[in-house]
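Features as listed in TrEMBL:
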- Asn66: NADPH binding site (BINDING)
- Ala79, Thr80, Lys81, Pro82: NADP(+) binding site (BINDING)
- 14-108: domain 'Pyrroline-5-carboxylate reductase catalytic N-terminal' (DOMAIN)
- 171-275: domain 'Pyrroline-5-carboxylate reductase dimerisation' (DOMAIN)
Amino acid sequence: RGDKMAAAGPATRRVGFVGAGRMAGAIAQGLIRAGKVEAQHIVASAPTDRNLCHFQALGCQTTHSNQEVLQSCLLVIFATKPHILPAVVAEVAPVVTAEHILVSVAAGVSLSTLEELLPPNTRVLRVLPNLPCVVQEGAIVMARGRHVGSSETKLLQHLLEACGRCEEVPEAYVDIHTGLSGSGVAFVCAFSEALAEGAVKMGMPSSLAHRIAAQTLLGTAKMLLHEGQHPAQLRSDVCTPGGTTIYGLHALEQGGLRAATMSAVEAATCRARELSRK
């Protein structure tokens, strides 16, 4: 069944969005820019025109009917707020067929909850993107439901790679991803800001310091990903005996940077789990 969707090339593949907020728009833009789906083959629904105008600007079709999206697309991404997702899924359930592949990007709504609301054997996946999807550099994880085969998973992974790096994981990792990568964007911003403020303290103009700090993060991340190095290896490559870096690292250790960062990921993950239980 996934084969029909997989066989459809970019010229004929249709993708639907229920919910048209920032994340839905980022994913749609990534798919269009990468040439994976044509704009006129994307259909988005939302209760008002406020968010749909972004989809209209991309050249996508829009509607106020969630059921209409499912009637015109076999691959549908649900990008509503988590607290309204169960009601939205229940509303579209009558038009769901065995041909559909349904994808939820809502944090905290489990695959079992979604499967219970839908007809038996419906193919459901959970995807958790993060904000850098808006610049096609997202860190995305996906977990498959009980009725999803590897062809559908590969298809979704192929599409989502238009928005960044996409990895398949067990559902238990999704809340950890929230703490590491969803919230992690804010943690990295806090570090980038502190890095730049250190330079400002030593006399560098603020805007220059912030640009250089951000570029330092970008360059370091690229080296870690492209060369597959462990961060400890790259760190020790930068440290010359008695040089500037080891003095700076000693100051970071005194400030408890590592423990604070590990605690931040732990706290955010625990909060994600708490919200999932609700």
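Cβ atoms are placed via backbone N, Cα and C, with glycine included.
Computed from a predicted structure; not experimentally measured.
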Residue with minimal Cβ packing [other Cβ atoms within 10 Å] among the binding-site residues Asn66, Thr80: Asn66
Cα separation, the residue listed as 'NADPH binding site' to Pro82 (NADP(+) binding site) (Å, whole number): 16
Residue among binding-site residues Ala79, Lys81, Pro82 with least C-beta crowding, 10 angstrom cut-off: Lys81
Asn66 (NADPH binding site) and Thr80 (NADP(+) binding site), distance between Cα atoms, whole Å: 11
Local confidence of the domain 'Pyrroline-5-carboxylate reductase dimerisation' (171-275) - pLDDT mean: 96
Asn66 (NADPH binding site) versus Lys81 (NADP(+) binding site) - Cα distance in angstrom: 14
Chain-mates of Ala79, Thr80, Lys81, Pro82 with C-beta within 8 Å of site centroid, NADP(+): Gly19, Gly21, Phe78, His83, Ile84, Leu85, Val88, Val105, Ala106
Euclidean distance between Cα atoms of Asn66 (NADPH binding site) and Ala79 (NADP(+) binding site), Å: 12
